[in-house]
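Noted in Swiss-Prot for the protein shown:
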BINDING   G149, V150, S151, R152, S153, G154, K155, T156  ADP binding site
Amino acid sequence: MRSAFYISDGTAITSEVFGHALLSLFPTEFEHHTISFIETTEKALAAKERINKATSRGGKPALVFHTFVNNENREIIESCDAVLYNFLEPFVAPLEKELAIKAKPTTHRTHSIHEKSYDYRIEAVNYALTNDDGSNVTNYEEADVILVGVSRSGKTPSSLYLALQYGIKAANYPFTDDDMEELKIPSFLKPFHKKLFGLTIDAQRLIDIRDGRMANSKYSSARQCRMEVREVEKLYKNEQIPFINTTKLSVEEITAKILTETGLQRYKY
């Protein structure tokens, strides 16, 4: 299997994101490797050796997606027996010309703990954990968004992803079996109606998920799952709560759609 490397003298997050995005366009399997914090000559040489071995083992040149601030270490990597893609180089010179200023590359600047976005994200993660699954309903005034939906529709992972990636304070509240007889917005959520965002899911997918968690129970029964999905979607429509179906979406896609629908400010950068 052909190898793909994502490497950097920083976190390698940028290389991973761009590299995976490009490779996802092709119906081919790859053996993925991430090497971060290549900050010394020794580490660069070790990475080069690893890449060359992967090329030799796979029979085809490894693909290397990289971002380097240090020119010497970049040159070592670029001498590998591999096909290389430098994500920064094509854009730096045109930007320098447009901005009329020379770039001053600094490692870790994008993902530094000294950035304000880091503080936003840590605070948002703490908020998401404290306000997960309706465990705390007393401080929704701090929420940027409140995700609602039936159990196992994707509320918790979406809340945490919004917090960790974008610094958005996302609470979430579940509609349970006890709510279904006369489903309505709870009194403590009514003052925050504009913050509500609904998640729904196809009944069959919900059955499959719940069956893996609590097989042969009322909770995972087809009748229960279909009823809950039907009632919660009726509530969304009656109360004009925006909502999306999460059945075929990854957590990245779910949160991207939430951000698009709500227009929430991102604190990532």
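Note: Cβ is positioned from N, Cα and C throughout, glycine not excepted.
Structure with Swiss-Prot features highlighted.
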residue : record           : contacts (Cβ under 8 Å, 6+ apart)
G149    : ADP binding site : K155, N172, P174, F175, G198, L199, T200, I201, V232, F243
V150    : ADP binding site : P174, F175, T176, T200, I201, L206, E228, V229, V232
S151    : ADP binding site : P174, F175, T176, R210, Y219
R152    : ADP binding site : I201, L206, I209, R210, R213
S153    : ADP binding site : L199, T200, I201, L206, T246
G154    : ADP binding site : L199, I201, T246, L249, V251, I254
T156    : ADP binding site : D132, D133, N172
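Packing around K155 (ADP binding site) is summarised by its Cβ count: 27 other Cβ atoms lie within 10 angstroms of its Cβ, all protein chains included.
DSSP classifies K155 (ADP binding site) as helix under the three-state reduction.
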